[in-house]
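Asks: I'd like to ask you about the structure that follows.
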Amino acid sequence: MAVMKFTWRSIIPRCSKGIEEPEAEAEAEPETKKQDSKQGSFSRLAMIDLSYPSSRFTEDLSTSLAGSNLYVFTLEELKVITQCFSSANFLGEGGFGPVHKGFIDDNLRPGLEAQPVAVKLLDLEGLQGHREWLTEVVFLAQLSHPHLVKLIGYCCEDEHRLLVYEYMPRGSLENQLFAKYSVPLPWSTRMKIALGAAKGLAYLHEAEKPVIYRDFKASNILLDSDYSAKLSDFGLAKDGPEGDKTHVSTRVMGTRGYAAPEYIMTGHLTAMSDVYSFGVVLLELLTGRRSLDKSRSPREQNLAEWARPMLNESRRLARIMDPKLEGQYSETGARKAAALAYQCLSHRAKQRPKMSDVVNILEPLLDYEETSVGTFVYTVPTHQNGGSPPKDDTDTKECEAKTELKKENGDHHNRHHHRRSHKSRDGHRHRNKSSSQSSVHSENYTSKQTLENGSNEECNID
């Protein structure tokens, strides 16, 4: 089976047909910009080039994009890789379409190493379409970073549109946090994931031609075997504003619960829109709650609106921390992470930090050791008379917990040894108890529809 090396001449004539009209930001063809000397002869193709047949997008760009290393697969090859898209290899389904696990062997193509892959098939009746497929190919062909998922190749055959990615064995952050039988993520792992995702966003925002991700959420953060985070699903990504422009005007797309309020209201998209979404995910990591959960009381359904007022008060913060952590986290680290989430969720976009600043704040948090926080020894009260506990019951138990921690200081060595053992079992603690759990690009995929209390929807946000 022959696999062709990627060239833009092979994809443009067949796969640029049916491109939608440019959105509001593409009012006029931009002037050709001089290439940045730092980038040498490389200049990333902007998505706006898709809208103009006379532009350089119709030329052979294989020279300037020679380092992309994408492969063009045939549909028959992908059928072999996935065993005819067998239900046994089905990983799940998102807005783009179904995802199947496959395996590329050494005989498929010299130079293409044997490896497991995830094959995503565009559902022609799904939420996304050809433009989103092409957007993902164009962006991931040109962007490379340790915290972006790797696109290995694609298939564009008749009406079929498929993408072939590296396989991410730990699945998505959404599944790790919210799947019914998932093992709780330790505090240190949560901060590692947050930092990795932040680095991915910072890379996009600070590129020569900035990219706005536009759909940052827990289900789009995939995890490798070491829980290193990688951003996936670039179908809604947009080129950032250039020159003296402050924003990109576009249709409001994304996922409820994650989208920035000013973007929903105006359609004005900036890098700060991604920062807000990052703040929501950071809140999910802190609290173990979904960004939008209709199973909760009306006041608590929107996580950002409910939790943000409590992020700057230590005592209130302790009450909203994920109970699955069982009090095993760094108090100082939690306060700093909560303060960062508070800034990211500011309703004034200009007051949010840049993602590069977010990275600088998160990096030191990985060095904080997990300790047993007072709320860990909280015991659920039982009232034989059916009455309610006194209002200060929680505060009293927190004081008792702190007193108990002081008594444990003499046994500090044993607790420190326990923490080391706890970390050494990190890999074991994260093995799913059910092989049916999953996330996009992984055997651990669980579709949004099957996750309990799921209410996030990818859609036009009216």
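Including glycine, each Cβ sits where the backbone N, Cα and C put it.
According to Swiss-Prot, the record shows the following:
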| type | residues | note |
| --- | --- | --- |
| ACT_SITE | Asp215 | active site, proton acceptor |
| BINDING | Leu91, Gly92, Glu93, Gly94, Gly95, Phe96, Gly97, Pro98, Val99, Lys120 | ATP binding site |
| DOMAIN | 85-366 | domain 'Protein kinase' |
| MOD_RES | Tyr165 | phosphotyrosine |
| MOD_RES | Tyr167 | phosphotyrosine |
Asks: Quick one, of the recorded positions Glu93, Asp215, which Cβ has the fewest other Cβ within 10 Å?
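Replies: Among the recorded positions Glu93, Asp215, the sparsest Cβ neighbourhood within 10 Å belongs to Glu93.
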Asks: Rank aside, I only need the closest one: which of the recorded positions Glu93, Val99, Asp215 has its C-alpha nearest to that of Tyr165 (phosphotyrosine)?
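Replies: For Tyr165 (phosphotyrosine), the closest Cα among Glu93, Val99, Asp215 is found at Val99.
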Asks: Out of Glu93, Val99, Tyr167, which of these recorded positions is nearest the residue listed as 'active site, proton acceptor' by C-alpha distance?
Replies: Glu93
Asks: Averaged over the domain 'Protein kinase' (85-366), what pLDDT does the prediction give?
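Replies: So the average pLDDT across the domain 'Protein kinase' (85-366) works out to 94.
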Asks: Report, in whole Å, the straight Cα-to-Cα distance of Tyr167 (phosphotyrosine) from Gly95 (ATP binding site).
Replies: 19
Asks: Under a three-state reading of DSSP, tell me whether Tyr165 (phosphotyrosine) is helix, strand or coil.
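Replies: Reduced to three states, the DSSP call for Tyr165 (phosphotyrosine) is strand.
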Asks: Give the distance between the Cα atoms of Tyr167 (phosphotyrosine) and Glu93 (ATP binding site), rounded to the nearest whole Å.
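Replies: It is 15 Å, counting Cα to Cα.
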Asks: Can you give the largest Cα to Cα distance in Å, as a whole number, for the residues Leu91, Gly92, Glu93, Gly94, Gly95, Phe96, Gly97, Pro98, Val99, Lys120 that bind ATP in the record?
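Replies: For the residues that bind ATP, the greatest Cα distance is 14 Å.
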Asks: Ten-angstrom check, please: count other Cβ atoms within 10 Å of the Cβ of Tyr165 (phosphotyrosine), all chains counted.
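Replies: If we count other Cβ atoms within 10 Å of Tyr165 (phosphotyrosine), we arrive at 24.
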